[in-house]
Amino acid sequence: MVDTVDKLGYFQAITGLEDADLCTEILQAHGWDLELAISSFTSSDHDASSSAVDGGNNHDHDNAAVTPDYQPRGIVDDTELVMRDDGGDNRGPGVAWRIITLPISIVSGSLGLVSGAIGLGIWAAGGVLSYSFGMLGFRSGRGGGSADSSSAARLVSVSSAAGEAMEFVALFDRDYWSNNNAFKIDFVVEGFMDALQRSRSSFKLLFVYLHSPDHPDTPVFCGGTLCNEAVVAFVNENFVSWGGSIRSSEGFKMSNSLKASRFPFCAVVMPAANQRIALLQQVEGPKSPEEMLAILQRVVEDSSPTLVTARVEAEERRTNLRLREEQDAAYRAALEADQARERERREEEERLEREAAEEKEAQERAEREAAEKEAARVRMRQEKALALGDEPEKGPDVTQVLVRFPNGERKGRMFKSETKIQTLYDYVDSLGVLDTEEYSLITNFPRTVYGRDKESMSLKDAVTNPKDLPNQSSASSSSSSEPRDETEDLHLPISGEEEEEEENSPIRQVALTVPTTDDPSLPVLTFRMWVLGTLSCILLSFLNQFFWYRTEPLTISAISAQIAVVPLGRLMAAKISDRVFFQGSKWQFTLNPGPFNVKEHVLITIFANAGAGSVYAIHVVTVVKAFYMKNITFFVSFIVIVTTQVLGFGWAGIFRKYLVEPAAMWWPANLVQVSLFRALHEKEERTKGGLTRTQFFVIAFVCSFAYYVFPGYLFQIMTSLSWVCWFFPSSVMAQQIGSGLHGLGVGAIGLDWSTISSYLGSPLASPWFATANVGVGFVLVIYVLVPICYWLDVYKAKTFPIFSSSLFTNQGSKYNITSIIDSNFHLDLPSYEREGPLYLCTFFAISYGVGFAALSATIMHVALFHGREIWEQSKESFKEKKLDVHARLMQRYKQVPEWWFWCILVTNVGATIFACEYYNDQLQLPWWGVLLACTVAIIFTLPIGIITAITNQAPGLNIITEYIIGYIYPGYPVANMCFKVYGYISMQQAITFLQDFKLGHYMKIPPRTMFMAQIVGTLISCLVYLTTAWWLMETIPNICDSVSNSVWTCPSDKVFYDASVIWGLIGPRRIFGDLGLYKSVNWFFLVGAIAPVLVWLPALYLKRICDSIRLGNGEGISNARVWWLDLVHLFVKIIFYLSYTV
């Protein structure tokens, strides 16, 4: 609403009163309600005016007309609508008349009071009765209970002007719109002043229509012109329309103000400057629609510049107002921020002053207590020294006592033989050498402890009968005695060495590597962790999958990311703002919580591990699309990959109490990571002539990088030094025996670290006994068994290459796999009979035999060597058991609930069964195959997890899973591959997750945070691996084609494809069963089961021989291209051993 000045101006314009003080008094009397004041002002003389109009008589009233200077086009400047009321003489009666009529006034007033009281009582009684009848349902509406009585009582009170406007609109609609016309002008149902204000706010002109119901031209004008489609559309679009009947109060006033001399009457007005109303156009008399439309168009055209200018000015005012409000808000915010900072600064100063005062007070109190304690000790020593008396002379009843303190200091004194042990304690206390009161007196030989419980014993008894005293153990080393006739050498040891042993891991390697401290205040889930962890996971996943299809696959390990993120993390800690967002709320966070810490680094490495580890199920997609040339959709591929990777979380949750919490499960590979973390984060002082961890790491890194230039680029022959081939360059046998790239590699030596650690991992992370077992198994298989079988021509060995992963016919040519597959992607038996049986090279067949032996050896070894431990652990898992220092430190964090793992397990199994049943044409695996694969995985997770946690070597389940499903469900290669990935990789993923859990256990990462990082990293790696592989297979022509000269030959996928043909398409029965050529290979199962028994029997002498390791790593040989004896590991282990012993 406008302010008081605007109201005053409008009131003067409508009423015609020029006296500003009088208008102000009238408005104040009506609470500055403009409509109420105008209605009250005009009500006194409106009755006469309206009666004159109704009677058709000319009422002579003194109302001012519209000011002259009428301009039909354009705005009339300073057009004033003025209404004046020249009332007559209103003087009241005289004093004499009032005195005469005083008695009559008193009597009439008394009668009025009595009648008023009676009326008030009747009104109250009627109200009560009416309310009671209404509650009983007998209430009747107004107007005698008519049907539309509900509309008689208005729900919303309106002003008289608005009521008149509503009445006019209703009558106009009834008479001229509802019956015959579909178009009507949208008259506003409010008073003239409100309509004028509406036109001002909407930057439109006000179209005024004064309705005279009795005029003969009114029906034609209203029905023909005002309800014309073109006129209605134009008026509704360009005007705010107001109408009133001259029979109403406000309509009559406006007819006088606008000098309406002829009807029908229309006008166009607009608010003008100086609180006045501008009359733009008058239209009097009947007009045709064309004439009316032309007049209105002309008015709009002439007024448009003014309206546009007003609209622009209003927009500028709003913009300026908004800008001013924003500036004021910014100023207030800055002021509040400054005040808050100032308040925080004052509070911080007060806190620091208070803490300084408290610290000073505490320091003074501690100094006083220390001084009092020291004074008490001095007094006590003086008192005990005085109580000792004078030192006796040497004699027959005198014993000389020599006391040696832990710091090497010696004190001696003569005592009488009847002196009590208590006196010796008093003597030691009086010397003031020790800072503690808890100590014991110990003789060297025989070693006897004289504790506080023997203070009443005399010195003579202690010297003459030491053997009769109880011999109590001590934690310190005893000292040498000095033999004297009457002297005993008493020793005061330092205790605590045994307690220190209990405060560390019982595994020596862990005790030397893993810190026994924890800082729970270090932030873990930080912005840096999410950015660097996600980035490293995506990069490693993409690069490893991109190079996986190459002839010489390149694998980038997580250690690369582990090293690379250190400078990035420290850069982010130095440059990113440390502003706290949503401070004080539960959503409070900051992008930079402080220095880059080791716990963030560990979680980033967990992300990197997810990207560095291969996604085994990619082999299924590659073999189906690139080798079999069959269809498998991206969605189905993604389901298979995600479920195989995440399913292992279920097994990990079930077995973590066996493979993570016990100190004996120490996971050697994690110690390498822990050492690197400590080298990158811990600050240590360099000893004189020595090196810190960081210095040693930098030197080793630079040297290894510089050294790799020789085998990697300058002298690639260093990859395999096959000296046997040098001596016999033209001998085929020499090439088969000595070639490190295409033969058995007998005697070949590799000086390239990437080839040494390419297939079995870094040997430095494995214990020496595990590596030695691998070396023994390697020699037995490669140097003994394979050559014997080849030169004895076992299974036509000489017909095929000595080393090859390909499949052959009986003539030695490559087997045509596509010729034995029917249109349903199953084995075509007639075609297979025509092609003949499938042959393997001798080495390939023996590799499968070694895999059989490793499986049975794993089960037997765990049962024999760790069966009792597993059983005891199973029983103790439900009881309170003693924890090592790392497990105790981890108890302060919330553990991952068991039901989380069970939910993941059930969800993944359900999703897998759904995928295999709904997309059976692509996956071929039935629902019972999924449950059988899960059963195999859960059976082997614990024994293989124990071997991995102790030896860092993990035998695989790929062969046994292929064997099982191949016998049960032959002829379905994709089903065989899916069963293998669900039975083998879910177990392998469980081992990986458990290893990461143990790494978090060592580095004191909250278990729930570790769980979340593993889940997120696994899902990201699955998506990136699949997307990269799909992109390569869709864009690279002839990918995985070994015949072409392309570098994209997919060697690992080729082995996977051959295995799917052997175990899935043809089936193990036709190769290793009663219908096959290699049935005798099954004897390796028995060999693997017997070997651990032969070691277990003399286990007292052969504790470190592990047959499952010796045999299990033979299956990794089928992918390798270089064989040599790993002398490097032996050399390094010897160096480390000598360093520790020295």
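Heads up, the Cβ atoms here are built off N, Cα and C, so glycines get one too.
Keep in mind it's a predicted model, so treat the numbers as computed, not measured.
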If you check TrEMBL, which stretch out of 48-71, 72-95 is marked region 'Disordered'?
48-71
Calculate the per-residue pLDDT averaged over the domain 'UBX' (394-462) and state the result as an integer.
75
Quick one: do the transmembrane segment (926-950) and the transmembrane segment (634-655) have at least 3 Cβ pairs under 8 Å, skipping pairs fewer than 6 apart in sequence?
yes
Remote residues contacting the transmembrane segment (1083-1102) - C-beta distance under 8 A, at least 6 residues beyond either end:
849-850, 852-857, 859-861, 864-865, 1108, 1111
For the transmembrane segment (1011-1033), which partner among 529-548, 634-655, 696-717, 837-865 gives the most CB pairs under 8 Å?
529-548
How many of the residues that make up the domain 'UBX' (394-462) does DSSP mark as helix, as strand and as coil?
18 helix, 22 strand, 29 coil
Using DSSP, what is the helix/strand/coil residue split across the compositional bias 'Basic and acidic residues' (338-378)?
41 helix, 0 strand, 0 coil
Take the transmembrane segment (634-655) and find every residue of the same chain, 6 or more past its ends, with a Cβ under 8 Å from one of its Cβ atoms.
615-618, 620-621, 896, 898, 900-902, 904-906, 908-909, 911-912, 915, 919, 922-923, 934, 937-938, 941-942, 945, 978, 981-982, 985-994, 997, 1014-1015, 1018-1019, 1021-1023, 1025-1026, 1030
Near the transmembrane segment (837-865), which same-chain residues lie under 8 Å Cβ to Cβ, leaving out any that are not at least 6 residues past its ends?
744, 777, 781, 785-786, 789-790, 794-797, 799-810, 815, 940, 942-944, 946-947, 955-960, 1061-1062, 1066, 1070-1072, 1076-1078, 1081-1089, 1091-1093, 1096, 1099, 1106-1108, 1111-1115, 1117-1118
Residue numbers, six or more beyond the limits of the transmembrane segment (696-717), whose CB comes under 8 Å of its CB atoms:
563, 676, 679-680, 751-754
